[in-house]
């Protein structure tokens, strides 16, 4: 059974950890491990659809000697897909000011809607960065939008393995091979947009393409 996301420490500590983990010589780089949209949703504490109302640069902590800054985005939450048990209506989200610490730049005061995934810090604030799955809503496929309601959450017990080169094989029956990078040289290609890694009644997992009807073994899992 997938574990619930653990509470994340305060943002000042999180910023320091990001700075320490940044590789030497890559002062302006933000490096993230690849993850399928399904993995992002499963590993995040919350997933919401929202509009950005405004932004403001704020101190990362109350310590006057701390030079770190954060961007506080005021948002209008449209729909919550994950995180009900931890937060209700979200008014603000926070991200590092520096792009080298994976800070996210979002368009404020526009009609653009976003899918936002992120962490909930120990003080209750919502923290997002470039290693989360953050996409303009209009860029999501029909399957991705529908899967935010059901399929992604219900199949967090499946493991998705990124395939970079051949040979590339699974090591367990609950794995799905993610081949977008191998075939298209980009992460969010056709497979990320149109497939979900779904669990069968026997515990194994395989890719399900959204435009095809669900097979009985999938239905038995989703509707016991």
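Just so it is clear, glycine is given a Cβ too, placed from its N, Cα and C backbone atoms.
These numbers come from a predicted model, not from an experiment.
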Of the residue ranges 30-33, 34-37, 38-41, 42-45, the one that Swiss-Prot records as region 'Involved in metalloproteinase-binding': 30-33
Helix, strand or coil at residue 156 (disulfide bond) [DSSP, three-state]: coil
Tally of residues which DSSP labels helix, strand or coil - the region 'Involved in metalloproteinase-binding' (30-33): 0 helix, 0 strand, 4 coil
Overall pLDDT of the region 'Involved in metalloproteinase-binding' (30-33), taken as the mean: 88
Per-residue Cβ crowding (10 Å cut-off), top of disulfide-bonded residues 30, 32, 205: 205
